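Step one of this worksheet: look at the structure below.
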Amino acid sequence: MALLPVLFLVTVLLPSLPAEGKDPAFTALLTTQLQVQREIVNKHNELRKAVSPPASNMLKMEWSREVTTNAQRWANKCTLQHSDPEDRKTSTRCGENLYMSSDPTSWSSAIQSWYDEILDFVYGVGPKSPNAVVGHYTQLVWYSTYQVGCGIAYCPNQDSLKYYYVCQYCPAGNNMNRKNTPYQQGTPCAGCPDDCDKGLCTNSCQYQDLLSNCDSLKNTAGCEHELLKEKCKATCLCENKIY
């Protein structure tokens, strides 16, 4: 899986930086708080529902404690770079978006900045220019991703970008084979008519295929084959679900 690009945003400096990041503006962003978790999930679902062109198979996102633990652990390292994909795995591979700021910024603003990369993206074509950064957007709206967990850290070891936001996404998006079409275009919920909640699908799959030809392997070898049991769990175990 390709690493996502990192978004750097320099915001206006506060008159003084807090010791150890204990100021109320920072602690209000900690993702141990239910209201912060709701803000993050609701913002993601609001944006996923609003994609243009509309999506027929966009899953509704939910908060994951396991994913949050991984995201917070990585944020605490204050490296300002992506984690090793192996360190953010759950039952599936997981993606990751990063945001850095010089002062505390709301989660909604950070998430919106990732989505705003849509301005440099054309559905079905890809980035508008070779240097355009769109990987945060495509991960955020990846149709089969349904779990999100985020963490934030204050990083006094950094010169200016001292606030480090990390969101991880499971299953991972940005599959190189279909990165230019992060979802299926169509009427909302057309791909999940019996599992729809306000324009988003709820029939998620907890597994992920590790091979690109699992459908054909299922037809030729069957799901009892050891290879499919290990590498094609979504195809074999998630009938009528989105993966």
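Note that Cβ sites are derived from N, Cα and C of the backbone, with glycine treated the same way.
Summarising the annotation, Swiss-Prot assigns signal peptide to 1-21. Residues or ranges marked as domain 'SCP' in Swiss-Prot: 41-169. Under the heading disulfide bond, Swiss-Prot lists Cys189-Cys196, Cys192-Cys201, Cys205-Cys238, Cys214-Cys232, Cys223-Cys236, citing sequence analysis as support. For 205-238, the entry in Swiss-Prot reads domain 'ShKT', with the evidence type sequence analysis.
Swiss-Prot feature annotations superimposed on the structure.
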residue: Cys189; record: disulfide bond; contacts (Cβ under 8 Å, 6+ apart): Ser56, Asp195, Cys196, Gly199, Leu200, Cys201
residue: Cys192; record: disulfide bond; contacts (Cβ under 8 Å, 6+ apart): Asn57, Cys201, Thr202, Asn203, Ile242
residue: Cys205; record: disulfide bond; contacts (Cβ under 8 Å, 6+ apart): Ser144, Pro171, Ala234, Leu237, Cys238, Lys241, Ile242, Tyr243
residue: Cys214; record: disulfide bond; contacts (Cβ under 8 Å, 6+ apart): Leu228, Lys231, Cys232, Ala234, Thr235, Cys236
residue: Cys223; record: disulfide bond; contacts (Cβ under 8 Å, 6+ apart): Lys229, Cys232, Thr235, Cys236
In the same chain, which residue numbers or ranges, 6 or more beyond the ends of the domain 'ShKT' (205-238), come under 8 angstroms Cβ to Cβ? 91-93, 144, 171-172, 177
How does the model score the domain 'SCP' (41-169) in terms of mean pLDDT? 97
Across the domain 'ShKT' (205-238), DSSP labelling yields 19 helix, 0 strand, 15 coil
Looking only at Cys196, Cys236, the disulfide-bonded residues on record, which one has the least crowded Cβ, with the fewest other Cβ atoms within 10 Å? Cys196
Provide the three-state DSSP residue tally for the domain 'SCP' (41-169): helix first, then strand, then coil. 44 helix, 30 strand, 55 coil
Inside 10 Å of the Cβ of Cys201 (disulfide bond), count up the other Cβ atoms and send me the figure. 26
Could you tell me which of these disulfide-bonded residues, Cys232, Cys238, has the fewest other Cβ atoms within 10 Å of its Cβ? Cys238
